[in-house]
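These notes are about the structure you will find just below.
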6 protein chains.
Amino acid sequence: MEKLTHFDAEGHAHMVDVSQKSHTARVAVAESAVQMLPETLALVTEGRAKKGDVLGVARLAGIMGAKRCADLIPLCHPLPITKVSVDLTPDDSLPGVRIRAEVRTTGQTGVEMEALTAASVAALTIYDMLKAAEKSMTITATRVVLKDGGKSGRYEAQP
Amino acid sequence: MEKLTHFDAEGHAHMVDVSQKSHTARVAVAESAVQMLPETLALVTEGRAKKGDVLGVARLAGIMGAKRCADLIPLCHPLPITKVSVDLTPDDSLPGVRIRAEVRTTGQTGVEMEALTAASVAALTIYDMLKAAEKSMTITATRVVLKDGGKSGRYEAQP
Amino acid sequence: MEKLTHFDAEGHAHMVDVSQKSHTARVAVAESAVQMLPETLALVTEGRAKKGDVLGVARLAGIMGAKRCADLIPLCHPLPITKVSVDLTPDDSLPGVRIRAEVRTTGQTGVEMEALTAASVAALTIYDMLKAAEKSMTITATRVVLKDGGKSGRYEAQP
Amino acid sequence: MEKLTHFDAEGHAHMVDVSQKSHTARVAVAESAVQMLPETLALVTEGRAKKGDVLGVARLAGIMGAKRCADLIPLCHPLPITKVSVDLTPDDSLPGVRIRAEVRTTGQTGVEMEALTAASVAALTIYDMLKAAEKSMTITATRVVLKDGGKSGRYEAQP
Amino acid sequence: MEKLTHFDAEGHAHMVDVSQKSHTARVAVAESAVQMLPETLALVTEGRAKKGDVLGVARLAGIMGAKRCADLIPLCHPLPITKVSVDLTPDDSLPGVRIRAEVRTTGQTGVEMEALTAASVAALTIYDMLKAAEKSMTITATRVVLKDGGKSGRYEAQP
Amino acid sequence: MEKLTHFDAEGHAHMVDVSQKSHTARVAVAESAVQMLPETLALVTEGRAKKGDVLGVARLAGIMGAKRCADLIPLCHPLPITKVSVDLTPDDSLPGVRIRAEVRTTGQTGVEMEALTAASVAALTIYDMLKAAEKSMTITATRVVLKDGGKSGRYEAQP
């Protein structure tokens, strides 16, 4: 059975010791999506041009959210993040907005939680910006799609 | 067409003026879920008794996350939250953990973003606690199920 | 001689007691400006359309900065801010960007520090966004232009 | 034309990748000043001895502000700051207080934003401590005077 | 047996609902003390005049700490603090420094945690400022000495 | 006489320059204790099994508190913490709960303040969780028991 590293031998939560892990280049990519009505999505796509940049606000919130990860997730290590990007793509087939967050570090542990936090905060911000138009939006499919660097090797999600 | 209140007439983002809104009792309930393999879920349910309380950590993270909402979501108003609860239920049919967060205030604006943030941070923490066992977990179905109090009236999500 | 309210009778810093002050509608407006070379300003004005929205990022940073005021300024009271807007106007005669931040509350003390913090953080962000192009930018003329509500009455800066 | 590094090829804001930059000793010095009436400045200079240490409070706020830089400025990288000092000098010729903040790191990117943030928060705190005596104070001449370390070399402002 | 209000009927932690509690004037006073060697205390008392104001720094840290209480203590409600003062008194009989923190609010729940947090952060800061001289200092006797306002009535600690 | 490193030659507070200190493995252990009535302690020990996990909440709060140290203690350097554990042991002879916090880093300065902060926040949280049952609890004996790594060598407290 797998070991849950966030608990010690007695089952008590702790922040696991990464002192001996090497400072490696690490990257993680996470995805999320906000499903909405077609008419709500129309507000996003029209707005970019003239009425207000929903995606610009959400992108910035996601980037800043990555920096707050260790404040929010109890057992996460604080890490010197070296890169964050958040891509937001309107998708009529959803319909809604697809989110892709990439985070890099040269620290001693992975950054998948930072990437997931960036994607989640971007998604929450999209909800906030559009909730006056539609309350029934749903945030869905938040997951890690790529993790690389460090001892545990490369992980890629199945499509 | 609906008006996006977070933008002014020129399409610039602003924190909308709620000075004239009344101090009412307000409540919001949000849901989320973390889907995982049956063997990962088994770690959660067994762990509650003896190996480490994944849900206890996630519950606390969700409660504290509600208090950080206005720090994370750019145009959210800071609010004197008067109640937060986060319920976490293992569900074999998912399989995974269902999350339900309830937030109350007597402030001048609604608390659906606080409830969504609590649910999202709890979900992210479940991912963090279990990621040593499974990286392919997915956070899904994050949405508002109830919002009441204030001028816009009661909203209930369809089941 | 004026009394400095942030010190007690012995000259020790304290957060002054506002328990007895009434909950009134209060507003404050602060200004600032970032002076730069004409070619740097051109990057801002062109960028809005196609290369990157410097002012959109700075506006959001200023709004979020207002919410962090009580964290940054040691003796400021935490306040339930009810409105923040930050206007950013390119001005060829400066040359540079003029900043105007407005903050409202219904709390027990004024919001001029919140408005000044919003204007300052917006100005710092403009510097950050443009520093790859010019390091010699200067932030100038940061001041309160309007304060109203509360016992001390209306204050308007001289033009 | 200069490139604005905080935007990607599509003009979207991102936190630029510094993973490949070397860990070098870096330093930045920023200045600011708070202009006030001579009688307000007298409160500062007299107060140091007996009525309350305005400059001691502002110095500490500036030092702590440097540590919050990456929380405030959206696209700033979090950095392991290794030194902060904030010097505050009453100047009758202004009249007012001159501020000089120095920040050092051994990180992968420069610390001019940390130095500017330290100087700005110190200036805002001086305003806060003295605003009961004078509302017309102005914060002025906030700029980088020295930046060294890293690939882009030494920058010194003109006097 | 007493009921622990921070747990619900199933024993799960929650932030208890205070929506129905009245907005009353509330006050709490907490104490703490830092014991040290007489020669360490001498550094404090001499320093106030000429070598560095240990108590001034600790006082400010305590005041700011009160504002961070709800960030630190998981189930504390965020509250609009209306007053914080921290008194620090060198005491040769300890020998060391005695700390007394007073916090007021007009919120819906008590402020004893805010007062205890202010006293504790002030004590930790005294340790930090003096640790180069003595590592064996001990923080002791941190307790609530007064709590008043609200339904549960007045509490005074025995001397 | 010992030198207080947190003040410069003029007695002004500063964050001391650690740029030249080496990145070494460093560890610190701090202790604290919460004294309470036997019947209050009984709530803790019984609760672990069925009524609510006081120690689980306090442990998590302590771990998260270590990460906030540089935010709380004015002149502390931000550090990349690599491990935090908080052990909480009910002790009938006190009666009360004994706290032991261990923090590790590979940074340029020691982590005794992080360990003391973890212990203190855990103690404050125990008080918060149990205050409905007893207001007269006292936090006592907060001190550093071990510090190792770095130039100043190993320090062990006397038993």
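All positions are counted from 1 along the displayed chain.
Note: Cβ is positioned from N, Cα and C throughout, glycine not excepted.
Features as listed in TrEMBL:
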| type | residues | note |
| --- | --- | --- |
| ACT_SITE | E:ASP128 | active site |
| BINDING | E:LEU75, E:CYS76, E:HIS77, E:MET113, E:GLU114 | substrate binding site |
| DOMAIN | E:15-150 | domain 'Molybdopterin cofactor biosynthesis C (MoaC)' |
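A coil conformation is recorded for E:LEU75 (substrate binding site) in the three-state DSSP classification, outside any helix or strand. Mapped onto DSSP helix, strand and coil, the domain 'Molybdopterin cofactor biosynthesis C (MoaC)' (E:15-150) counts 49 helix, 43 strand, 44 coil. For the binding-site residues E:LEU75, E:CYS76, E:MET113, counting C-beta atoms within 10 A of each C-beta gives the highest total at E:MET113. Using a 10 Å radius centred on the Cβ of the residue listed as 'active site' and all shown protein chains, the other Cβ atoms total 24. Within the same chain, residues at least 6 positions away in sequence whose Cβ sits under 8 Å from that of E:HIS77 (substrate binding site) are E:MET15, E:VAL18, E:ALA70, E:GLY107, E:GLN108, E:THR109. Summed and averaged per residue, pLDDT over the domain 'Molybdopterin cofactor biosynthesis C (MoaC)' (E:15-150) gives 94. Proximity of E:GLU114 (substrate binding site) to non-local residues of its own chain (separation of 6 or more, Cβ distance below 8 Å) is seen for E:ALA28, E:ALA66, E:CYS69, E:LEU79, E:ILE81, E:VAL84, E:VAL103, E:THR105, given in sequence order. Candidate binding-site residues E:HIS77, E:MET113, E:GLU114 yield E:MET113 as lying near chain F, with Cβ-Cβ distance under 8 angstroms. Those recorded positions from the list E:LEU75, E:HIS77, E:MET113, E:GLU114, E:ASP128 that have a Cβ under 8 Å from chain B Cβ atoms: E:LEU75, E:HIS77.
E:LEU75 (substrate binding site) and E:ASP128 (active site) have their C-alpha atoms 27 Å apart, to the nearest angstrom. For the pair formed by E:MET113 (substrate binding site) and the residue listed as 'active site', distance between Cα atoms is given as 22 Å, rounded to the nearest Å. Cα of the residue listed as 'active site' to Cα of E:CYS76 (substrate binding site): a distance of 26 Å.
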